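Below is one structure, written out as structure tokens, with a few remarks after it.
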């Protein structure tokens, strides 16, 4: 099922999208001291006095956290963009944001303007907000249902690779030096250019072409390219069957989706899963890593190299998840990942609290950090994006990704804003807050989440029908209400796409 075009599309799409998201999460860590010095020198040159420590801290906090604000903007504007331009073209056009951000950030030192760096972080956040919705949407629509989970996990794998790459390039021997840190941001251009060169030669999403553009010939060619076979009549009919259920392909707005009873529990599940994805405490783990390694007696100069182990474990765990997700399913990996995080957060709390009394406990803390990262990447790190693509029909999917992206970025910003206060008030016990979040998420998913492995979009909708207290027929009616096209228009759309024996209308 893994054709060459499918592999190239997933790797190219992820390299220019989710890779950059992961890269920009870690790239600011290594040059933090040099960037703060640049801020101070720029301030002195402008105002003839040194910046106050509180002001410098504020500027740095804005630089780091404003990435999430840009991501929120990107998540909000992605729906009309994917509707008008399509999934593939959205990924291509999104590189304009990435290249612009890279130029602003990499030239900020020579221009003597820290505002350029902050503005670049905002624009880079917009790029990430768009890509984290458009990429999973594209991957879920080009892949056969038998490997939809594995292909969707490519998003998480490249986020991890991006984090690890940012750590490697930030080493002192490479770009982690006072006058080399702008190259860390200039490197963003490379994945963008690679995507711009390769992706135009690959087809648009066949589901988008068939259901939203009503271009049967292009959709068939896209299916043939991605599936690597000539006879794609079964795949085309499967998509048309979904379209007959929907009765129309007009995009549903966010407000309409929230009001649709037939997808109420799908929306709730996506919101809770995405919130737990950000609020589970992994950002806090990155915050604590250096201090825990220092407590373990590791030399300060070697800590950056030891920190690479976290990025390596993250990448290996994400790859492992991609290999086993179609065997084990989404449900066990997601619930199991959150469950393991609860256990290791509890052990980490104990080891951090007592590590000064027992000499070997700091090493247990290191193990717990790596175990928490691995547990996150096995399930919670990528599956929420896959589920968002699987839960909703074609016309609902952009609005669903907009909701998921908004929750994702708001939760990201909330963690960055509140964690210093939580950590200051609870000290090492702050991890119990994250353990409680993971436990609540795992409990909800255990009772609500159905397995979606190897299921069509209609079968997944049927799995939620009982919980939504509607029959499949009522789901169809709810989806169609207020947006139904005329019967003659529907007939013209489908008669041109299927054989005479397939033009019989379904009865709701």
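In case you wondered, yes, glycine gets a Cβ from its N, Cα and C as well.
Mean pLDDT, taken over the domain 'Major facilitator superfamily (MFS) profile' (10-453), works out to 88 on the 0 to 100 scale. Taken from TrEMBL, the feature domain 'Major facilitator superfamily (MFS) profile' covers 10-453.
What TrEMBL lists as transmembrane segment is 58-79 (among others).
Remote same-chain residues near the transmembrane segment (91-112) are listed as 13, 16-17, 20, 38, 42, 45, 74, 81, 85, 119-121, 123-124, 126-127, 130-131, 134-135, 138, 179, 181-183, 185-189, 191-193, 195-196, 199-200 (criterion: CB distance under 8 Å, separation of at least six residues from the stretch ends). Per TrEMBL, the feature transmembrane segment maps to 91-112 (among others).
Annotation source TrEMBL lists transmembrane segment at 118-139 (among others).
If you look up TrEMBL, you'll see 151-169 (among others) marked as transmembrane segment. Long-range contacts of the transmembrane segment (151-169) within the same chain: residues 6, 10-11, 14-15, 17-27, 29-30, 132, 135-136, 139-140, 142-143, 175-176, 184, 187, 304, 307-308, 310-312, 314-315, 317-319, 321-322, 325, 377, 381-383, 385-386, 389, each at least 6 residues beyond the stretch ends and with a Cβ under 8 Å from a Cβ of the stretch.
Residues 5, 8-9, 12-13, 15-17, 19-20, 23-24, 27, 30-31, 34-35, 88, 91-92, 95, 98-99, 101-103, 105-110, 117, 120, 124, 166, 169-170, 175, 225 of the same chain lie 6 or more positions beyond the ends of the transmembrane segment (181-202) yet place their CB under 8 Å from a CB of it. According to TrEMBL, the feature transmembrane segment maps to 181-202 (among others).
Summarising the annotation, TrEMBL assigns transmembrane segment to 267-288 (among others). Packing against the transmembrane segment (267-288) from elsewhere in the chain are residues 26, 29, 257-258, 310, 334, 338, 341, 345, 369, 372-373, 376, 380-381, 383-384, 387-388, 391, 400, 403-404, 407-408, 411-412, 414-416, 419, 423, 430-431, 433-435, 437-438, 440-441, 444-445, 448-449: each is 6 or more residues past its ends and has a CB under 8 Å from a CB in it.
According to TrEMBL, the transmembrane segment annotation covers 303-325 (among others).
The annotation transmembrane segment is assigned in TrEMBL to 332-354 (among others).
The annotation transmembrane segment is assigned in TrEMBL to 360-387 (among others).
Taken from TrEMBL, the feature transmembrane segment covers 399-420 (among others).
What TrEMBL records for 426-449 (among others) is transmembrane segment.
Annotated region 'Disordered' per TrEMBL: 481-508, in sequence order.
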Listed stretch, out of 58-79, 303-325, 332-354, 399-420, that has the most CB pairs under 8 angstroms to the transmembrane segment (426-449): 332-354
Tertiary contacts of the transmembrane segment (303-325) (same chain, 6+ residues out, Cβ under 8 Å): 26, 30, 149-150, 153-154, 156-157, 159-161, 163-164, 167-168, 170-172, 176, 286, 289-290, 293-294, 333, 369-370, 373-379, 381-383, 453
Intrachain neighbours beyond the transmembrane segment (399-420), with Cβ under 8 angstroms and 6 or more residues off its ends: 64-65, 68-69, 71-72, 74-76, 78-79, 129, 132-134, 136-137, 251-254, 256-258, 266-267, 270-271, 274-275, 277-279, 283-284, 287, 384-385, 388-389, 391-392, 430
Contact set, same chain, for the transmembrane segment (58-79): CB under 8 Å, 6 or more residues outside the stretch: 24, 28, 32, 35-36, 39, 51, 90, 97, 114, 117-118, 121-134, 251, 254, 398-399, 401-402, 404-406, 408-410, 412-413, 416-417
